[in-house]
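Enquirer: The transit peptide annotation in Swiss-Prot covers 1-36. Residues or ranges marked as N6-succinyllysine in Swiss-Prot: LYS49, LYS60, LYS68, LYS79, LYS90, LYS127, LYS159, LYS286 (among others). Taken from Swiss-Prot, the feature N6-acetyllysine applies to LYS49, LYS60 (among others), supported by similarity to another entry. Residues or ranges marked as phosphoserine by Swiss-Prot: SER99, SER117. Look at Swiss-Prot and you will find 149-319 tagged as region 'ECH-like'. Marked as site 'Important for catalytic activity' by Swiss-Prot: GLU277.
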Amino acid sequence: MAAVTWSRARCWCPSLLQVLRLPVTKLHLGRPAMRATQQDFENAMNQVKLLKKDPGNEVKLRLYALYKQATEGPCTMPKPGVFDFVNKAKWDAWNALGSLPKETARQNYVDLVSSLSSSSEASSQGKGGADGKAQESKGILVTSEGGITKITFNRPSKKNAITFQMYQDIILALKNASTDDTVITVFTGAGDYYSSGNDLTNFTSASGGMEEAANKGAIVLREFVNTFIDFPKPLVAVVNGPAVGISVTLLGLFDAVYASDRATFHTPFSHLGQSPEACSSYTFPKMMGSAKAAEMLLFGKKLTAREAWAQGLVTEVFPESTFETEVWTRLKTYAKLPPNSMRISKELIRKNEKEKLHAVNEEECTTLRARWLSEECINAIMSFVTRKPKL
């Protein structure tokens with residue numbers, strides 16, 4: 001994922017897009033009866049550089065728009081093309097301010113920065129250190145204890161959506177786990193979600209545009225899924241909450257899937273103009289039959305944990321109140337089983353399928369690359385990243 005540039009206040013425009021609208025009423029956060037001076041405005045621009053916490057793409061777009069309105073007035077630039085995601089988002093944000101006077105835009109910019117500075121300082125003091133922040137920015141958390149490698153999707157504020165960097169980090173974590181002395185490898189999620197799947201802003205962050213993102217995405221996805229196909233040790237998913245997209249389709253490559261009764265399983269590929277991945281076009285019909293697989297992969301039916309169990313996607317469902325205790329007690333028992341015996345048994349179970357799975361993965365990635373460049377997919381992604389936030 002491309003990093004956001006923080007070195008200059010006027011560059012508060014996202015390389016990643018999520019929500020592009022912020023009600024103007026929320027901008028009058030400070031001194032409504034006062035007029036910000038030019039010096040106040042310049043001080044605010046300098047203050048932006050010192051923010052310790054990323055305020056999110058929604059706010060960064062608003063800062064960009066207010067800066068442009070305060071310095072140049074209403075937007076008169078031609079509207080960028082539909083495929084120019086970043087510049088179109090910037091244009092939309094600026095144009096949405098209409099005829100807002102320069103003085104008002106300047107005041108709103110100063111007030112918004114002041115509010116962000118206060119929030120950032122309070123957040124830093126509340127956390128009492130940088131450890132939590134470092135874990136949050138890492139994307140995944142990998143721990144090894146008692147014979148278990150635990151890989152946690154660790155972006156709870158983003159519902160554990162998976163970035164390009166997280167794909168690479170998971171590949172590395174699995175390669176390390178395949179050769180270390182742990183016995184089983186477990187995936188779970190931090191917070192309320194297991195994972196909301198692929199971070200769609202992966203497609204809007206590539207500097208070379210959609211084609212570069214599609215090419216990179218196909219390569220990374222192919223290696224990512226192959227790593228799961230080839231993983232030699234028992235692989236267990238502890239699905240603590242809603243799972244979406246690739247976090248669901250991957251489950252067909254796991255050896256056991258334990259779910260909380262509050263978990264749901266959703267593969268909205270058609271809604272996004274995309275197609276199945278992670279070998280689900282093969283594993284899902286094999287597990288649940290063609291009709292039930294089509295309900296999920298074609299029509300985007302969301303399954304409850306009980307429904308997923310009935311269709312063979314989930315091994316066992318546990319009550320939310322006892323989920324963590326029951327599952328981890330069981331996993332600690334599994335980790336004491338003879339490791340070589342489990343490796344050999346898994347190889348016997350999976351070996352006849354490996355060649356087929358690699359072929360399916362190759363075909364799915366090739367198809368997905370084409371879908372990502374299709375008008376249907378691009379329109380769906382644009383609709384997603386420009387949607388209004390839920391109140």
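Cβ from N, Cα, C; glycine included.
Small disclaimer: the values here were computed from a predicted structure and weren't measured.
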Enquirer: Within a 10 Å radius around the Cβ, which one of these modified residues has the most neighbouring Cβ atoms: LYS159, LYS286?
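Expert: Per the Cβ count within 10 Å, the most buried is LYS159.
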Enquirer: Would you count the other CB atoms within 10 A of the CB of LYS68 (N6-succinyllysine), including those on all shown protein chains?
Expert: 22
Enquirer: Spatially speaking, which of the modified residues LYS49, LYS60, LYS68, LYS79, LYS90 is closest to SER117 (phosphoserine)? Use C-alpha to C-alpha, please.
Expert: LYS49
Enquirer: Between SER99 (phosphoserine) and LYS68 (N6-succinyllysine), how far is it from one CA atom to the other, in Å?
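Expert: Cα of SER99 (phosphoserine) to Cα of LYS68 (N6-succinyllysine) measures 12 Å after rounding.
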Enquirer: With a 10 Å radius around each C-beta, find which of these modified residues (LYS60, LYS79, LYS90) has the fewest other C-beta atoms nearby.
Expert: LYS79
Enquirer: In whole Å, how far does the CA atom of LYS286 (N6-succinyllysine) lie from that of LYS79 (N6-succinyllysine)?
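Expert: Distance (Cα to Cα, whole Å): 48 Å.
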Enquirer: To see if you understand the setup: which same-chain residues, six or more apart in sequence, place their Cβ under 8 Å from that of GLU277 (site 'Important for catalytic activity')?
Expert: LEU221, VAL225, ILE246, THR249, GLU364, CYS365, LEU368
Enquirer: Out of the modified residues LYS49, LYS60, LYS79, LYS90, LYS159, give me the one sitting nearest to LYS68 (N6-succinyllysine) by CA distance.
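Expert: Closest candidate to LYS68 (N6-succinyllysine), judged by Cα separation, is LYS90.
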